[in-house]
Structures are given as structure tokens and as C-alpha cells.
Amino acid sequence: MNLVIDIGNTRIKYAVFENGRIIHDHSFESGLFLSKIKELFEKYPQINNAILSSVGKLDRKERDVVALFCKVHVLTNNSKVPFKNSYATPQTLGVDRLALAAAAYHHNPRGNTLVIDAGTCITYEMVNNFGEYIGGAISPGVKMRYNAMHNQTAGLPLLNPTELLDFIGNSTESCIHSGVINGVTQEVDGVIDQYQSRFQDLTVILTGGDSHFFAKRLKNTIFANSKFLLEGLNCLLEYNTN
Ligand SMILES: Nc1ncnc2c1ncn2[C@@H]1O[C@H](COP(=O)(O)OP(=O)(O)O)[C@@H](O)[C@H]1O
Ligand SMILES: CC(C)(COP(=O)(O)O)[C@@H](O)C(=O)NCCC(=O)O
């Protein structure tokens with residue numbers, strides 16, 4: 001059994017894999033790391049390998065906690081990947097993006113795949129039909145857009161994301177919601193259009209904790225997969241331990 005852990009800028013997500021399939025997954029706040037990991041190994045003592053991916057400062061404590069129970073691979077920019085990495089600055093590439101590219105390559109090794117991850121930031125990852133990761137984009141996430149407008153103005157309230165009734169706002173709140181939710185929707189649809197005009201038979205995967213706020217509004221066809229990054233981590237764990 002494998003344990004994969006994704007420490008993002010907002011949440012920690014993990015999954016237990018058996019024979020390539022998720023048998024358990026969960027997310028939690030960073031303060032609960034030790035107790036959650038202990039609980040997990042009590043429930044699944046068969047876990048013998050783990051991979052730890054962190055886009056923040058990985059506290060040695062976190063690695064050491066997992067290492068008490070099994071072998072740990074800490075994902076870095078020097079980990080082996082099954083695809084060609086053509087990012088111009090591979091040492092500064094977020095390891096979460098490496099995992100998304102691995103998942104894209106695993107699911108569609110001979111196809112063109114665009115992965116859109118709506119987490120703290122919205123990231124775009126392109127793996128082409130030559131098995132080459134060529135990069136993509138980083139843009140502000142849904143919550144970040146609400147926070148930025150509140151923090152950088154005198155008069156805009158801080159709102160929580162919500163379903164949008166119409167793209168035309170007629171109040172301060174509905175205008176902010178339109179600016180963020182309709183704005184993200186138009187951005188994502190526009191970016192998909194650009195990639196589609198350059199890459200034939202493009203498969204688009206949408207993932208990330210905030211994707212549900214706009215997924216249904218997209219005009220383009222996408223495959224929603226909330227576990228895509230975790231699946232990529234499992235591929236990288238297998239690739240780096242076998
Ligand atoms: N239990 C939760 N705790 C915090 N955020 C959550 C939770 N469930 C869903 N979310 C949403 O997920 C978003 C973070 O998405 P995620 O893909 O986990 O980002 P990251 O990988 O950058 O940490 C938050 O902005 C929030 O809206
Ligand atoms: C772009 C990111 C902040 C995304 O983090 P997330 O929203 O998934 O928490 C992270 O992948 C990162 O810090 N990247 C480093 C820069 C780069 O990928 O080129």
C-alpha cells in the first residue's frame with residue numbers, strides 16, 4: 001500500500017492507494033499533521049511507502065513523522081519523472097505541478113492533455129502527445145481574487161465564493177461575485193480555446209478545491225477529477241521506488 005500526501009498552500013490532502021486505486025482519502029489543516037498520520041497508520045499498517053509533496057517550506061518534522069512508519073520519498077525537482085520535462089527553470093517548478101504533469105502523462109501518454117488546477121492559485125499544465133511537459137501558466141486563485149479586492153480597496157467587503165445567478169451584477173456583492181466567478185470562467189474557457197487551437201484532440205482535466213465554483217459554467221468540455229494530483233503522486237512514488 002502507498003500513502004501520498006499533497007501539502008498545498010491552503011490544505012493538506014492525502015490518499016491511500018492499493019494496486020493503483022484509492023481506497024481512502026481525506027484533507028485536513030496543517031496543525032493536525034501528527035495526529036492524522038498516527039491515526040492513518042493505525043488504520044492502515046500495511047502502508048509501506050509514502051510520497052510527500054509540498055509547495056511550501058517542508059518542515060523536516062513532517063517528513064520525520066511519516067518516516068516513523070514507512071519509507072518516504074520527498075518529491076523534489078530532482079525526483080525521476082516518466083515524461084520529458086522541458087520547463088525552462090525546472091528547479092523552480094512547483095512539485096505539485098510536476099505531479100499534475102505525471103498524472104496527465106499516465107492517463108494519456110500519447111495524447112495532448114491540459115490540466116487546470118483551481119487551488120490557492122489556478123495553474124495550467126500542458127503535456128503534449130510526444131510525452132513532453134512544456135509548461136502552462138499560474139494565475140490568481142478564486143479565494144485570492146476575493147481577498148485581493150478586499151485587502152487592496154477601502155470599500156469592498158470580503159465575500160465567500162458563491163454560485164453565480166447572472167454574469168451582470170447589480171449590487172456591490174453581485175458585481176464582486178461576477179468579477180471573480182464569471183471572470184475565472186471566461187479566463188479558463190479562453191485559455192482552453194487557445195490550447196485547442198494549437199493542439200489537436202486536446203483532453204482537458206479540471207481539478208482543485210475551488211473548481212466546483214465555475215466548472216458547470218464552462219462552455220468547453222472538461223473531465224473533472226478531484227483526485228488527479230494524488231493520482232500523479234502515486235505514479236511518481238511507483239516510478240521513484242521501483
Ligand atoms: N476543508 C477545507 N478546508 C479548506 N479549504 C477547503 C476545504 N474544502 C474545500 N476547500 C476549498 O479548497 C480550496 C483550496 O484548494 P486546494 O486544491 O486544496 O488548494 P491547495 O492545493 O493550493 O492547498 C480552498 O480555497 C477552499 O475553497
Ligand atoms: C504555483 C504554485 C504557487 C501553486 O500552488 P497551489 O495553488 O497548488 O498551492 C506552486 O506550484 C509554486 O509555488 N510553484 C513555483 C513556481 C513554478 O511552478 O514555476
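Using N, Cα and C of the backbone, Cβ positions are placed for all residues, glycine too.
Record note: TrEMBL gives Asp6, Ile7, Gly8, Asn9, Thr10, Arg11, Ile12, Lys13 as ATP-binding, and the candidate from Thr113, Thr120, Thr123 in that site is Thr120. Among the listed binding-site residues, namely Ile12, Val95, the Cβ with the most fellow Cβ atoms inside 10 Å is that of Val95. Here the Cα atom of Thr120 (ATP binding site) is found 12 Å from that of Asp96 (active site, proton acceptor).
Gly94 (substrate binding site) sits 15 Å from Thr10 (ATP binding site), taking the Cα positions as reference.
Candidate binding-site residues: Asp6, Ile12, Tyr87, Val95, Thr172. Not one of them has a Cβ under 6 Å from ligand 2.
Asp96 (active site, proton acceptor) has Asp6, Gly8 nearby among the binding-site residues Asp6, Gly8, Thr10, Ile12, Tyr87, Thr172, counting only those with a Cα within 10 angstroms of its own Cα.
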